[in-house]
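As given in Swiss-Prot:
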BINDING   80, 109, 139, 175, 195, 196, 197, 236, 237, 238, 239, 275, 302  substrate binding site
BINDING   279, 343  Zn(2+) binding site
BINDING   423, 426, 431  [4Fe-4S] cluster binding site
């Protein structure tokens, strides 16, 4: 779809959506997003220029259907997939991608760390994906030197980052905000550093006793990104891994640096979103969202969860969806899903489905709470179908039609029950929606009550 859009841009020094927007040029991607979000094209261009909205769209991802992440657009959901040294293969990851897209993932991150050829699995995912693909390049940087931190050089990091851009990755998590002076602040935490990328860079800094190379070479990374229109997803290496560690000095020190890096990227006209926690008590979620907006000049916020309790292994998709809905309500632009396997193992296809549906609910609830135009239309349509016992319409409008139909049919599988004015909960005699009271009857009752009040 995008080949004809991209062709005139080839060879230019800066092909980012932000660069075009700041120069007053409405790209085809901006126009596409405007129609998708039912917003004026001029607003999309203005928000991209300001940095409050991003359109992750690498010029080498030609089958991409552009989408937006930002406060002006719908709250989005990301799904993580990826092979590990202990499980999965390329075909399984491609199937997870297709399943994620089927159940509504707005973006997908390939977090493969080994067990497969990382370049091949990434290329296969990008070729099959109509949604933006994100990656974490430090994983492959470490894998490229067979896990030897002492052999990992600054140039190795940049080489892998550019390789991901060349393949068509739309956004990359860059852990540039973790500084060597932040590391002592981790003392006193229960779970220390829980970010894999952050852990790799912490080890690198401790081993070499040098500053984070992603920070010192940040301008070089910007130069790479603007050639491909790859978007920064600034990683939160010091995100809290438990409630005890939430909103501590380590997390907030890194957040301040992430704000500095956001503005540095904008000087290059490179798009940015900022990643956030993690594990956060409910009463601290609003503070975390507001603090990010303040420190990062309202760049889109992208949070993992957050989980609101630490005692829900096997059900972390529920614990985190509670936090995600609140974060979305307060202004977070994208929610990274958590599956039932979080903290326990590599998610399979069913885990991907469970996590995505939980997060589509959270994002949709946030859009309703923020009074986005049309956000509740589908809810109202389903409610009318429910009141009229239109079972097939109810299934169709559900976030997971297959699951809704499956649960209904467990007790009433015959087709005749798709027209029945009851379900197996109340049966045919006790459903309160069966005895419908007409508006005319209610008006007559109202008149009689008013007469009684008047005569009294």
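Using the three backbone atoms N, Cα and C, a Cβ is placed for every residue, glycine included.
This view paints the features noted in Swiss-Prot onto the structure.
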| residue | record | DSSP (3 states) |
| --- | --- | --- |
| 80 | substrate binding site | strand |
| 139 | substrate binding site | helix |
| 195 | substrate binding site | coil |
| 237 | substrate binding site | coil |
| 279 | Zn(2+) binding site | strand |
| 302 | substrate binding site | strand |
| 343 | Zn(2+) binding site | coil |
| 423 | [4Fe-4S] cluster binding site | coil |
| 431 | [4Fe-4S] cluster binding site | coil |
Check: same-chain CB within 8 A of [4Fe-4S] cluster site center, minus 423, 426, 431: 422, 424, 425, 427, 428, 430, 433, 434
Which same-chain residues, if any, lie at least 6 apart from residue 239 (substrate binding site) yet have Cβ under 8 Å of it: 194, 195, 198, 251, 275, 276, 277, 278, 304
Site of maximum Cβ density within 10 Å, from binding-site residues 80, 343, 423: 80
Residue among the binding-site residues 195, 237 whose Cβ has the most other Cβ atoms within 10 Å: 237
Cα-Cα distance linking residue 139 (substrate binding site) and residue 343 (Zn(2+) binding site), given in Å to the nearest integer: 19
Closest of 80, 139, 197, 237 to residue 423 ([4Fe-4S] cluster binding site), Cα positions, binding-site residues only: 80
Entry from the binding-site residues list 139, 302 having the most other CB atoms no farther than 10 A: 302
Close in space, distant in sequence - residue 426 ([4Fe-4S] cluster binding site), Cβ under 8 Å, 6 or more apart: 432
Residue 197 (substrate binding site) versus residue 279 (Zn(2+) binding site) - Cα distance in angstrom: 17
Between residue 431 ([4Fe-4S] cluster binding site) and residue 139 (substrate binding site): CA-CA distance (Å): 56
Distance [Cα-Cα, Å, rounded] between residue 197 (substrate binding site) and residue 431 ([4Fe-4S] cluster binding site): 54
Cα-to-Cα gap, residue 80 (substrate binding site) vs residue 431 ([4Fe-4S] cluster binding site), nearest whole Å: 42
Intrachain C-beta neighbours of residue 431 ([4Fe-4S] cluster binding site), sequence separation six or more, cut-off 8 angstroms: 421, 422, 423
Residue 279 (Zn(2+) binding site), number of other Cβ atoms within 10 Å: 25
